[in-house]
Ligand SMILES: Cc1cc2nc3c(=O)[nH]c(=O)nc-3n(C[C@H](O)[C@H](O)[C@H](O)COP(=O)(O)O)c2cc1C
């Protein structure tokens, strides 16, 4: 074992989570913690690790940005033909993880991802900076390319082709909306005796009902 790495150790002392103080509604609990993360100086408070699986059950992860929580769905945007996009088309199960180091907190979410309606994706796409819109049109995300120059040439060519026009969202780019079936909220505590609460969806309709249980650290 590398002694320098194994010596890195930090006590987590910044907060606690109790059954009496957590919300009965996981979305409300998430909103509280996201709000704390947005105001505590965290570098990328909306960044989340999205895990998907291949058809033969191999997991893969990458970071994406949460762009909204709407109607009980966590929304992010990506290329539908990317590795994650293709995996979600074959198997919509997804896990999302937020880590807010400044707060010594993490949230895990598991659920089902589906494509956003085209009008939702259009609405978000139109708010993106011009260069990001061009980039989304020309990048064959996750495919092997020959060189950086190849992608820059494609970018310049597309920008010239669309000069003076509205840059439309390409069909292979848009949102995924994740409907959670499980949440876990983790607050670091001293001596590794962390607080963990799990919400599992007991009933989806007519109103979502959640079972809340404390987990061992
Ligand atoms: C902070 C951060 C934010 C990112 N946000 C996104 C995003 O919102 N959408 C996206 O497609 N890729 C985003 N990426 C890039 C992805 O992590 C990943 O490289 C890309 O989506 C391709 O993943 P895939 O090949 O597994 O599909 C982000 C990366 C970082 C580090």
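Each residue, glycine too, has its Cβ placed from N, Cα and C.
Any TrEMBL annotation is an automated prediction that lacks curation.
Applying DSSP to the domain 'Pyridoxamine 5'-phosphate oxidase N-terminal' (42-152) sorts its residues as follows: 33 helix, 43 strand, 35 coil. The domain 'Pyridoxamine 5'-phosphate oxidase N-terminal' feature in TrEMBL is assigned to 42-152.
With a 10 A radius on its CB, residue 83 (FMN binding site) counts 16 other CB atoms from all the protein chains. Annotated FMN binding site per TrEMBL: 62-67, 77-78, 83-84, 106, 141-142, 186, 196, in sequence order.
Positions annotated as substrate binding site by TrEMBL: 67, 124, 128, 132, 192, 193, 194. Around the Cβ of residue 193 (substrate binding site), 10 further Cβ atoms fall within 10 Å across all displayed protein chains.
Per TrEMBL, domain 'Pyridoxine 5'-phosphate oxidase dimerisation C-terminal' is recorded for 173-217. Each residue in the domain 'Pyridoxine 5'-phosphate oxidase dimerisation C-terminal' (173-217) has a pLDDT score, and their mean in this model is 96.
With a cut-off of 6 Å between Cβ and the nearest atom of ligand 1, the binding-site residues 67, 124, 193, 194, 196 reduce to an empty set. In the three-state DSSP reading, residue 196 (FMN binding site) counts as strand. Note: residue 194 (substrate binding site) has non-local neighbours 12, 186, 187, 188, 217, i.e. same-chain residues 6+ apart with C-beta under 8 A of its own C-beta. In terms of C-alpha distance, the listed binding-site residues 62, 64, 106 place 64 closest to residue 124 (substrate binding site).
If you compare Cα positions, residue 66 (FMN binding site) sits closest to 128 out of the binding-site residues 128, 132, 192, 193.
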